[in-house]
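I have placed the structure first, in the form of structure tokens, so that the comments after it can refer back to it.
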């Protein structure tokens, strides 16, 4: 079966009140257009055309090589939008899915089912319909006694009998491509809006004696359109629960799905536990038997097995196995932790590599550093990596011990097994197994407080 798709994505989305094209607003970490593109490709489509209008440059930049983009310069209706794809499909011999770019909940399985039924039935067109308890505001699908589609009637034009119909048009179609665009050119804008409606093509086909079929959708939420921020948030909830349920089926424990946020495409290993108010974003990959959260945000990170991360933020970092992070740690881009590393409370790490078994338990900043194995970094240690113009490297070799409240002024190296005395400001390299001390000598003045009071 040769199957192409046209995604109608030209609308401005006025009710979104945004400078961003509606189809580029995000759900579960991806623009809604991305979800639609993924669904049509997974349904077996071999060629995709996106019809852009408002914000066409942004839409084109996002689509890239994933599809061809054509421009609808004036928004004159859905039939007019589809007609803009004619140049890309003139000689296409197969079938065409038509979907809206603001239906990110539409499943690939639904589109595949529609296309398969359409091809097997021999119909010139097949609609995707849905049964709604309250169809108010929707166009009703009227069928013949044989079960074929007779026409679609808008609510304002429907008779009392037609108003009792609960089957509605979802705006998703499958057509035979040969002859489609000639039929589209017969549609006239004879309506209040002065637009070319794609629904009018059904009556054109029926009047020619051609068969139009319909497939009824099992879950009407799949075609829930998005026209404002309220509908966007509702769609986000539906999609988020799909993502979480898929993870749970795969063996992930999610303590509170209502308060857990995982982007589509995030990978999580089995027996990992995700606690409330945890955000897993971007291309994050989590191993098995981890405990994440509560209250953690992990963005574009690769995390191994058996790690514990609580109340912390990790961005573009790589974590080995058996690490403990937090509470209140901040791992910035370029951070790499080996196995069995401890990063404790109020620790910030940036563009640094921490070796096997090393510990940074609390109240420290580590930036542009390479730390070896089994290094202990005491509380209040600061790598002074920036002189106002350039960043410099700090190196702590295997087994080094850094006392509390130490300043390491880069570029500087502390050798293997070396010890830095607490309170030191280290500006020169410390050799292997040496003690580095760089602080003022303590002086005790006897009876000083008493003398101060006497002189005051």
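Backbone N, Cα and C atoms are what each Cβ position is placed from, and that goes for glycine too.
Quick caveat, the model's predicted, so the values are computed rather than measured.
Positions annotated as region 'Pyrophosphorylase' by Swiss-Prot: 1-229. Taken from Swiss-Prot, the feature UDP-N-acetyl-alpha-D-glucosamine binding site applies to 8-11, 22, 72, 77-78, 139, 154, 169, 227, 332, 350, 365, 376, supported by sequence analysis. Per Swiss-Prot, Mg(2+) binding site is recorded for 102, 227. Sequence annotations record features per position, and here Swiss-Prot assigns region 'Linker' to 230-250. Under the heading region 'N-acetyltransferase', Swiss-Prot lists 251-456, citing sequence analysis as support. Marked as active site, proton acceptor by Swiss-Prot: 362. What Swiss-Prot records for 379, 385, 386, 404, 422, 439 is acetyl-CoA binding site.
Annotated features, which come from Swiss-Prot, shown on the structure.
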residue: 22; record: UDP-N-acetyl-alpha-D-glucosamine binding site; Cβ neighbours (10 Å): 25
residue: 77; record: UDP-N-acetyl-alpha-D-glucosamine binding site; Cβ neighbours (10 Å): 21
residue: 227; record: Mg(2+) binding site; Cβ neighbours (10 Å): 14
residue: 332; record: UDP-N-acetyl-alpha-D-glucosamine binding site; Cβ neighbours (10 Å): 16
residue: 362; record: active site, proton acceptor; Cβ neighbours (10 Å): 19
residue: 365; record: UDP-N-acetyl-alpha-D-glucosamine binding site; Cβ neighbours (10 Å): 18
residue: 379; record: acetyl-CoA binding site; Cβ neighbours (10 Å): 19
residue: 386; record: acetyl-CoA binding site; Cβ neighbours (10 Å): 12
residue: 422; record: acetyl-CoA binding site; Cβ neighbours (10 Å): 16
residue: 439; record: acetyl-CoA binding site; Cβ neighbours (10 Å): 14
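Long-range Cβ neighbours of residue 10 (UDP-N-acetyl-alpha-D-glucosamine binding site) (same chain, at least 6 residues apart, Cβ-Cβ under 8 Å): 51, 52, 53, 54, 56, 72, 75, 81. Considering only the binding-site residues 102, 227, 385, 439, the residues lying within 10 A of residue 8 (UDP-N-acetyl-alpha-D-glucosamine binding site) on a C-alpha to C-alpha basis are 102. For the region 'Linker' (230-250), the DSSP-based tally of helix, strand and coil residues reads 20 helix, 0 strand, 1 coil.
Nearest by CA distance to the residue listed as 'active site, proton acceptor', out of the binding-site residues 22, 77, 386, is 386. Taking Cα separation as the measure, residue 439 (acetyl-CoA binding site) is nearest to 365 of the binding-site residues 22, 139, 227, 332, 365.
In this structure, the binding-site residues 169, 385, 404 were compared by how many other Cβ atoms lie within 10 Å of their Cβ, and the smallest count belongs to 404. Secondary structure at residue 169 (UDP-N-acetyl-alpha-D-glucosamine binding site), taken from DSSP and collapsed to helix, strand or coil, is strand. Put simply, residue 22 (UDP-N-acetyl-alpha-D-glucosamine binding site) is 7 Å from residue 102 (Mg(2+) binding site) when counted between their Cα atoms. Here the binding residues for acetyl-CoA are 379, 385, 386, 404, 422, 439. Their largest Cα to Cα distance works out to 22 Å.
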